[in-house]
Ligand code: HEM
């Protein structure tokens, strides 16, 4: 029962983290297209609040609650699906940190990528989400 409560919160933080992982690069798309200074300043505030206020706390809590599940049920550690899942999680953490680098470039008006580049960049977390959900629910390995 306690395990299920931890799992419920793990999933809640996954959802809030991914809301940001999907929306922040979307803001980058529009920011890269913005021509007016006032508009760009507004994007900077939205991006910073989303990253620092929602995404980083949610990602941290996802990992902490996931680790808690492993502590309560260490048998999962010998399963291949978990190893592959953790590899995908590491890639998503790198994606998250890279978003932080892009955010600082926009903040300093040093963005070098086009809106089309951000549209493709925006698709990467979708792959991670599909892979992880199939691994944890179907456990095909
Ligand atoms: C270091 C990070 C993470 C660790 C250690 C971790 C670990 C775990 C563990 C041990 C379970 C329980 C599996 C079960 O009871 O069947 C679980 C469930 C789950 N995890 Fe994670 N997880 C992490 C990150 C993530 C991420 C990033 C996502 C989503 C993209 C995710 C999505 C899920 C889902 C949807 C479940 C529920 C599966 C089910 O009950 O059918 N996890 N996680």
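Keep in mind that glycine also has a Cβ here, set from the backbone N, Cα and C atoms.
These come from TrEMBL:
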type	residues	note
TRANSMEM	6-29	transmembrane segment
BINDING	10, 85	heme binding site
TRANSMEM	50-71	transmembrane segment
TRANSMEM	83-104	transmembrane segment
TRANSMEM	116-138	transmembrane segment
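At the 8 Å Cβ cutoff, the transmembrane segment (116-138) and the transmembrane segment (50-71) share fewer than 3 close pairs (sequence separation 6 or more) and do not count as touching. One residue stands out among the binding-site residues 10, 85 for having the most other Cβ atoms within 10 Å of its Cβ: 85.
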